[in-house]
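Chemist: First the structure, which I've put down as structure tokens, then a few questions once you've had a look.
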Amino acid sequence: MRVSGPATRAVLEALAGGVPAPRRLALRDLRAPATGEVLDQALVAYFPAPHSFTGEDQAELHVHGGLATRTAVLDALAHVPGCRHAEPGEFTRRAFLGGRMDLSAVEGLADLIEAETQAQRRQALRQLEGGLGRLAEDWRRRIVEAQALLEAALDFSDEGDVADSVEAQAAAAMTALGGEIARALADAGRGERLRDGYVVVLAGPPNAGKSTLMNALARRDVAIVSATPGTTRDAIEVRLDLGGLPVTLIDTAGLRETSDTIEAEGVARTRAKIAGADLVVWLDPRDAPAPPEPAATPHLHVATKADLVAALPAAAPPVAADLAVSAATGEGIDALLAAIEARARDTVGDGSDAVVTRARHRIALQTAHDALARGARALEAGDTELAAEDVRLAARAVGTISGRVDVEDVLDALFGAFCIGK
Ligand SMILES: Nc1nc2c(ncn2[C@@H]2O[C@H](COP(=O)(O)OP(=O)(O)OP(=O)(O)O)[C@@H](O)[C@H]2O)c(=O)[nH]1
Ligand SMILES: [K+]
Ligand SMILES: [Mg+2]
């Protein structure tokens with residue numbers, strides 16, 4: 001249990017009988033202040049301000065994890081004057097407000113707590129350590145410098161030569177910044193995809209073997225399989241870790257015209273999932289081939305039930321597919337997983353380079369990029385005043401990434417997503 005704030009020493013005195021040496025674990029009896037009853041034996045640590053996570057005086061009580069112990073210690077804490085239960089994310093919020101972390105680092109911490117795969121962990125840790133924050137601060141500082149140059153040019157406007165050369169300096173800086181921000185934006189899809197997971201949809205005609213393949217790929221029994229076409233109605237999702245990459249695999253209702261209203265709803269859901277997919281794996285049963293759906297989404301064309309080939313009449317048309325699999329024999333399953341992993345790696349990377357990981361960052365950078373471009377055009381047209389205003393807008397947009405300028409709405413949403421005590 002963590003305690004933060006000015007009453008921290010009082011808490012330690014009331015429960016642990018004193019304040020241990022800073023940043024050393026000490027074994028102490030924890031007592032109920034009201035009765036003196038021993039509640040637990042705990043390791044207790046004290047982190048005096050400013051050398052703590054929140055930047056305030058802080059303590060940790062390492063108690064035994066049982067419900068009765070936790071309840072008793074929380075009760076005892078509640079009786080110390082000035083001590084109350086934390087809000088979700090309040091420790092991190094205090095760390096942010098105390099200047100211990102910038103907003104992008106807070107987001108990195110939230111992502112690290114949620115990370116399910118190694119690539120996600122890598123990306124989140126880099127952001128927590130300030131990868132994006134430092135970059136955004138550097139951009140903001142340089143944009144503010146360009147803004148200062150433009151304002152100087154306005155002041156020197158009666159000295160034509162000076163004003164021209166100062167403007168030229170500002171224009172060069174704006175072009176360079178615009179290019180750097182555009183390069184970060186080009187990678188934006190990767191970071192966001194890695195955070196959210198790469199979405200793979202299994203689609204095809206009824207009885208293509210989608211649910212059977214889903215179970216084989218997930219290595220557990222997640223979807224109902226039967227010989228009846230139209231078995232699957234709801235889209236069923238599983239999360240896979242493919243070589244450290246987060247992949248969401250979705251089994252769908254088979255695509256066909258149907259008068260059954262429930263199945264028709266399933267088909268509509270399949271179409272929606274296909275539209276939102278990063279990759280569609282189109283399944284084509286060897287025993288009854290069907291043409292793949294024409295679609296914009298990248299496709300893998302997979303022939304299923306490869307074990308049935310021998311049983312087919314010699315006249316049966318071969319299926320021209322990227323891969324052939326059989327869930328019955330296991331043939332081609334590893335190759336399909338490898339193909340999906342390769343596609344995912346192409347799209348999301350391995351978490352070691354993209355800096356933009358959320359729509360919030362992308363929108364801020366896009367806004368800054370557009371404002372810089374507008375400013376450059378205004379400057380060319382001789383309107384220095386307008387250019388200065390655009391550059392100011394660009395600085396503001398980039399500032400929202402580290403949270404230096406008004407981001408109240410973002411804060412509430414972000415900290416509310418943390419657990420209590422984080
Ligand atoms: N021989 C053979 N049969 C398979 C294979 N995969 C699936 N089947 C059979 O094909 C039938 C349909 O399989 P499902 O997995 O339910 O097919 P589906 O595409 O999910 O079907 P719907 O959900 O109805 O669209 C079942 O009887 C499976 O046992 C395979 O690799 N080989
Ligand atoms: K079926
Ligand atoms: Mg199915």
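For all residues, glycine too, the Cβ spot is worked out from N, Cα and C.
What TrEMBL records for Arg23, Glu60, Arg100, Lys422 is (6S)-5-formyl-5,6,7,8-tetrahydrofolate binding site. Under the heading GTP binding site, TrEMBL lists 207-212, 226-232, 251-254. According to TrEMBL, the feature Mg(2+) binding site maps to Ser211, Thr232. Here TrEMBL flags 197-345 as domain 'TrmE-type G'.
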Chemist: Go through the binding-site residues Arg23, Asn207, Lys210, Ser211, Thr232 and pull out the ones with a Cβ less than 6 angstroms from some atom of ligand 1.
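Modeler: Only Asn207, Lys210, Ser211, Thr232 qualify.
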Chemist: Measure from the Cβ of Arg23 ((6S)-5-formyl-5,6,7,8-tetrahydrofolate binding site) and count the other Cβ atoms within 10 Å, all protein chains considered.
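Modeler: For Arg23 ((6S)-5-formyl-5,6,7,8-tetrahydrofolate binding site), the count of other Cβ atoms within 10 Å is 11.
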Chemist: Once the DSSP letters are reduced so that anything not helix or strand counts as coil, what is Glu60 ((6S)-5-formyl-5,6,7,8-tetrahydrofolate binding site)?
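Modeler: Strand, per DSSP.
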Chemist: Reduced to three states, what secondary structure does DSSP give Lys210 (GTP binding site)?
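Modeler: The residue in question, Lys210 (GTP binding site), is helix (DSSP, three-state).
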Chemist: Tell me, how many other CB atoms lie within 10 A of the CB of Ser226 (GTP binding site), whichever protein chain they belong to?
Modeler: 11
Chemist: Please list residues from the chain of Ala253 (GTP binding site) whose Cβ is under 8 angstroms from its Cβ, counting only those at least six apart in sequence.
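Modeler: When sequence neighbours closer than 6 are ignored, Ala253 (GTP binding site) has Pro206, Gly230, Thr232, Arg233, Asp234, Ala235, Glu263, Gly266, Val267, Arg269, Thr270 within Cβ distance under 8 Å.
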Chemist: For the binding-site residues listed here (Arg100, Lys210, Lys422), tell me which residue's CB has the most neighbouring CB atoms inside 10 Å.
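Modeler: Of the binding-site residues Arg100, Lys210, Lys422, the highest Cβ count within 10 Å belongs to Lys210.
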Chemist: Output: those binding-site residues from Arg100, Asn207, Ser226 whose CB lies less than 6 Å from an atom of ligand 2, in sequence order; none if no residue fits.
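Modeler: Checking each Cβ against ligand 2, the ones under 6 Å are Asn207, Ser226.
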